[in-house]
Number of protein chains: 2
Amino acid sequence: MAIGEFELIRRFFKRPPLRFDVVEGIGDDCALLRPQAGKCLAMTMDTLVEGIHFLPGTNPENLGHKSLAVNLSDLAAMGATPTWVALALTIPQPDENWLTAFANGFKSLADFYGVELVGGDTTRGPLSITVQAMGVVDEVGSLKRSAARWGDGIYLTGDLGLAGLGLEILLGKTSKKSPEAIAKLERPQPRVNAGMSLAGFANACIDVSDGLAADLSHILNASGVGATLDWIALPLPSAVRQYIESEGDEWMPLMAGDDYELCFTVSREREDELPGLMAHFDCSCVRIGTIEQQMGLRLKKDGGIFDLAALGYQHFPTSK
Amino acid sequence: MAIGEFELIRRFFKRPPLRFDVVEGIGDDCALLRPQAGKCLAMTMDTLVEGIHFLPGTNPENLGHKSLAVNLSDLAAMGATPTWVALALTIPQPDENWLTAFANGFKSLADFYGVELVGGDTTRGPLSITVQAMGVVDEVGSLKRSAARWGDGIYLTGDLGLAGLGLEILLGKTSKKSPEAIAKLERPQPRVNAGMSLAGFANACIDVSDGLAADLSHILNASGVGATLDWIALPLPSAVRQYIESEGDEWMPLMAGDDYELCFTVSREREDELPGLMAHFDCSCVRIGTIEQQMGLRLKKDGGIFDLAALGYQHFPTSK
C-alpha cells in the first residue's frame, strides 16, 4: 500500500486538539504554541537509529513508546512538565500495520502525560526516529547538571541494570530469561512525575541513558565534585543479581545504558524532606551514595573502594 | 580519527552564547529558553536524508546551510522571526573535514539571522539530518495556509524553477550547464526578512518546497478557494527558459520542488501597499495570479486555460 505523506500524517498521527495552548498543530508550515508567561521552555531532542539504538525487528509499538519516553526522560531530568512534542519519522516504506502500531505506542504515552504532538516530518530512508520534546519549568527550579554540592546525597529512582540485562538477552549473550528486563529495555517508563516533583528541591539531576557511571560523571564534572557510590545500596533487581552471579559481569549495572532512571543529588539538610516528596513519584527511589570534595567516581564494595573510569556508552568510541 | 559524542558537539558546534533569551544552551539534558511574553512560539522540523533529499557526495558546507535554510523557510512562511534551533545529526562515522564544513555552513546561516543552536543529538547511522527550528510571531499576524480569500493577489518571492533545473543537471538528465541553478538547489536562501515583513499583512503564505503547484494547492484546499496562475508572470530565469525551450519540459518550474520561495496572497485592497513593504524584503517579488471562488488550480498560458493537477513532489507516491 502506498500512502502520500500528508495522508500519512493525517491518518496515523493527527488527532483532536488536546491542549488549550496549541494554537496550530500539525498541518501548516509551523506549529503555533502559546508559552506560559514567566516560565522557561525546556527543549530536548533524541534520535533512535535502527541497528544502533534498537535491533532490527523491534516491536513498533514499543518503539513508538520508547522514542517519546527517552525525550520525556530528558525533560524530567530538568524538572520540566512536558507539553508539546514533534516527530521526524524516517521509514524505508510506509507499512500500515507498522505505522498503526508505532503511532499507538507513541500516542498512548503522549496521552498519559497530556503531551500533544504538534508537528514533525515523515521521510523515506533507513529507519530512524527523531523526537523533539518541549516542556515548561521555573528558571530557578530547573535541575542542572552543574548544581551538585559537596555533601549532597545521591539518589536513584526505580532500579538499575534491567535494560542492560535485556540487551544481553536480545543479543544472545546470556541464556538467562527475563521478560521484565526486555520490557525495561523496550518500554522504559520516563520518571516524569518524579522529575516534576524534584524541580526546586533537588540540586543536580540527570537521566541514566548512557550508564550510571557515565551519566553521574557528567554531573560530577559539570559541578566540579566527586562521589562515592555504595554497591550494597544500588537497587539491583533479582534478575540482575542472578545475571551478575552466573556471568561474573559485575560492572554491567553501572556501565549499561537505557535504564532511563533519574539520578539526582539533594542537599544534606533537605534529605529528610525527600520521603514526603516521594509520595508524588511514580516509582521507588533510594540513596546510592554521597557527593564528595575529592574529584572522580568511586565505588564502595566488599570492604574496598574502587575507582570507576567514566566509560559508559558513547556512540563514537574514543579509542579504536 | 575517532571522536567522542560530547567532544564532537563541543568541538564542532558549541560556541559562545549569542542570545540573551537562552538560559542554558548545549550541554545539559535540555536547553532552557525564555519565550517572549505575549508572543506565539512557531515550531517546525524537517529531515534531509542522503539519497532522497540530497545526492551522495553533496558538499557538506552546502548541506549544513540547506538543512537549516529549509527550516528557516518554514518559519518565514508563518511570518515568524527565527530564534532557536536544534540539530539531530546522524552520520556513518565522524569525519573531521566533513564535520567542520557542515558546521561552518550551518553556523554561518544561523549567525546571519541571529539564530542560536541550543540543542540536538549526534548519532551513528546512515547520513540524515533533522533540524528543528523555533521562532516568535504575534498570534494575530501569523500567516496560515487557510487564510486565502477570493480576490486575493498571489505573489511569489525570488524566482522559480532554478532548483529543479539544478537537480536535472546533477542527475545528468540535461546537458545544460548553470552554476546558479546548482547554487539555488544546494544553498537556497530562506526568505526570512520577507516572511517577517509579511506578518500581519499577507493573508495566506506557504514556502515552495514541493513545487509551486503542490504547495499553492495546499493553500487553496485549506482556504476552500481556487486560483488561476499567469504563465507570463512567472519569474523564470533565463537558464530555466532555455531549459524549457531545448527540453520541452514546460511544467518543470511548476512541479519541481526545492525553490524555497514564499508564495503568499494579499487582499485586493492592500495590494498597493505591497511595493512599500517589499523594501524590507531580501529578494524580488512578483504577482503571479489571482485567488478565485472556483475551486482548483488553473494556468493561463498561450491564450488558453490549463487545469493543473496538484502533483508536485511527495515522498511516498500515491500511485505505483
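Just so it is clear, glycine is given a Cβ too, placed from its N, Cα and C backbone atoms.
Among the features that TrEMBL reports, domain 'PurM-like N-terminal' is placed at B:27-137.
Taking Cβ-Cβ distances under 8 Å and a sequence separation of 6 or more, B:D29 (Mg(2+) 3 binding site) has no neighbours in its chain. For the recorded site, B:D29 (Mg(2+) 3 binding site), the DSSP three-state label reads coil. Taken from TrEMBL, the feature Mg(2+) 3 binding site applies to B:D29, B:D74, B:D207.
In the shown protein chains, 29 other C-beta atoms lie within 10 A of the C-beta of B:T44 (Mg(2+) 4 binding site). Per TrEMBL, Mg(2+) 4 binding site is recorded for B:D29, B:T44, B:D74.
Annotation comment: TrEMBL describes B:D46, B:D74 as Mg(2+) 2 binding site. Neighbour density for B:D46 (Mg(2+) 2 binding site): within 10 A of its CB lie 24 other CB atoms from the protein chains shown.
Non-local neighbourhood of B:D121 (Mg(2+) 1 binding site): B:L87, B:A88, B:L89, each in the same chain, at least six residues away, with C-beta under 8 Å from its C-beta. The Mg(2+) 1 binding site feature in TrEMBL is assigned to B:D46, B:D121.
As annotated by TrEMBL, substrate binding site applies to B:H53, B:D258, B:Y313. In sequence order, B:T47 constitute the residues six or more apart from B:H53 (substrate binding site) in its chain with CB-CB distances below 8 Å.
According to TrEMBL, the ATP binding site annotation covers B:G120, B:D121, B:R145, B:S209. For B:S209 (ATP binding site), the number of other Cβ atoms no farther than 10 Å from its own Cβ, over all displayed protein chains, is 22. In the three-state DSSP scheme, B:S209 (ATP binding site) falls into the coil class.
What TrEMBL records for B:151-298 is domain 'PurM-like C-terminal'.
Residue environment of B:D210 (Mg(2+) 5 binding site) contains 24 other Cβ atoms, counted within 10 Å of its Cβ in all protein chains. The annotation Mg(2+) 5 binding site is assigned in TrEMBL to B:D210.
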Rounded Cα-Cα span from B:D74 (Mg(2+) 3 binding site) to B:G120 (ATP binding site), Å = 19
Integer Å distance between the CA atoms belonging to B:S209 (ATP binding site) and B:D258 (substrate binding site) = 5
Restricting to the same chain and to sequence separations of six or more, state which residues have a Cβ under 8 Å from that of B:R145 (ATP binding site).
-> B:A204, B:C205, B:I206, B:H218, B:I219, B:A222, B:S223
Measure from the CA atom of B:T44 (Mg(2+) 4 binding site) to the CA atom of B:D207 (Mg(2+) 3 binding site) and give the result in Å, rounded to a whole number.
-> 12
Could you check the binding-site residues B:H53, B:D207, B:S209, B:D210, B:D258 and tell me which sit with their Cβ under 8 Å of a chain A Cβ?
-> B:H53, B:D207
Neighbouring C-beta atoms (10 Å sphere around the C-beta of B:G120 (ATP binding site)) | 24
